[in-house]
């Protein structure tokens, strides 16, 4: 059973997934920050492994992970963090990692340690399903989720492979680019989310689609959730953590989580308006930060 | 490793896999562009019109075939006959132009109007900027900030040619980070842009395609050597960073079992130190820049920084075909330190009046060493580039600069 999928469904397919790099700015703070964003309303945590050559990452995440490597980050910290976070929150913890550190560690050994620490699975930005046979077998053995990417440029055949290979959700790449906040999340995201759903349906399955890259505001979260099952926020959270520590990242997560609330008929439409209609009003002003809701499935109740 | 290899000919090997090396390990957003490129290159390879146009440019623009020089004075000192394949005489001063013209033609066929490239020493960046000017394309070159400082003249050259040079401040601020930044640009601009990889590395089809565009080096040199000496050389030597000039010259000799193929890797401060670029000799298989190959990495899979006096060899990975040839035992890879390379740089300059690129001086050093082991042998050396760009570095190394000129 996929814990990630369960959590997304429990949210009413209105999931907020928060990315933070493990070990940034130090191990203890990164654990506190992950717990804080789960408490503030993240459905799942995406914990990034610092890597020397992060090809998919923009400047904010690069700077954070590079400083983490420079202070001597070791993979042992990852497993420690996963265990500590899962002990304190029910939100599933997915690990986002480039592939070479896993290869070097040993694919099965990595999967075994991750499962033992309570991790839910892996998101693999530079491992496509066709190169992932070892990982898929290990994931099966250790009952872990595996999240592959689909991009606006992906062919139907490649989307089929991502759908077939993924468990948990399909990482729906919103835009052709790297991580980093953008004012407009590409309209391509909506088209891609629809294509993934259609391809999955024609294969007789269903795929949960969480949209990532460029999302940084509650309005964007709300817009994404009109057509996808989850919204992934990374750089904005990393920036908040770097600038204002745990309180700041908690506050931002809470404000983003307001975007997961179903605002009723006024916003139920399917119009492509990402112009953040009135959305701005109810969302960021939520006082949530300090109330620190301790439940990771609250959004599910929002309906 | 190469169980799939039925044919005895090593020259027939093509991507995506060279034994256990190579492949395509790229983020999904780039997969469509990679697939499109592989498909287009396969068409180009089989298209006589494409090959004719490439041959015409190679002849009329680059100046091919390049000369083979019998380095008689150096040979006399060394005790073996040293033949120099003069890629330094190509337009833009190195072998890099071969590949750049080929890929620019492919980019044109793909309808791309913008070329992006990484560069270390600046030779590949200069060559790409040159092709962009020739083909009327936009050009952006990513160059590690450290390298923009040590190769300031090449930066000016690229800008003169109309290219935008972007100093890369991330990571180790050298060649590997310039590649990362180029790939990030590519993801964001893939509709208009061709990533013009400068060496036989990266995901398929780059290793095969770049090798093919450099094959003339070896094809010509093999014929020229036979014409000059009546037989094949005893050994072929070339420097190896990513390994493009080496693959270009090795390829023609892969099936000549009696010809030793020797790649010279940069040993930087020395093979016994931690500051080197010995990807094959000291690295372990792993993933970098979309390929599986030997790379310098720590025990947790983080890429290590390489070190070499030569910016063009300062790369922690190596082309997958070299990794394969190493495992097969068909090619040997040996270290050459900064000091040995600079000694050879001076030796060639003084004996023949040819100032080599410091990269190519590594190959000369390998030949001088082999000459001692095999006196009287015939050694074919790839002189991959000329040394104008390195005069400031050499001036400092040999203390030839006057006080006031120190900031060159």
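Cβ atoms here come from the backbone N, Cα and C positions, even for glycine.
Note: TrEMBL annotation is automatic and uncurated.
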Residues flagged as region 'Disordered' in TrEMBL, choosing from A:232-267, A:268-303: A:268-303
Whole-number Å value for how far residue A:46 (active site, proton acceptor) lies from residue A:57 (active site, proton acceptor) (Cα to Cα): 14
DSSP-derived structure type at residue A:46 (active site, proton acceptor), helix or strand or else coil: strand
CB within-chain contacts under 8 A for residue A:46 (active site, proton acceptor), separation at least 6: A:17, A:18, A:19, A:20, A:94, A:95, A:96, A:123, A:232, A:234
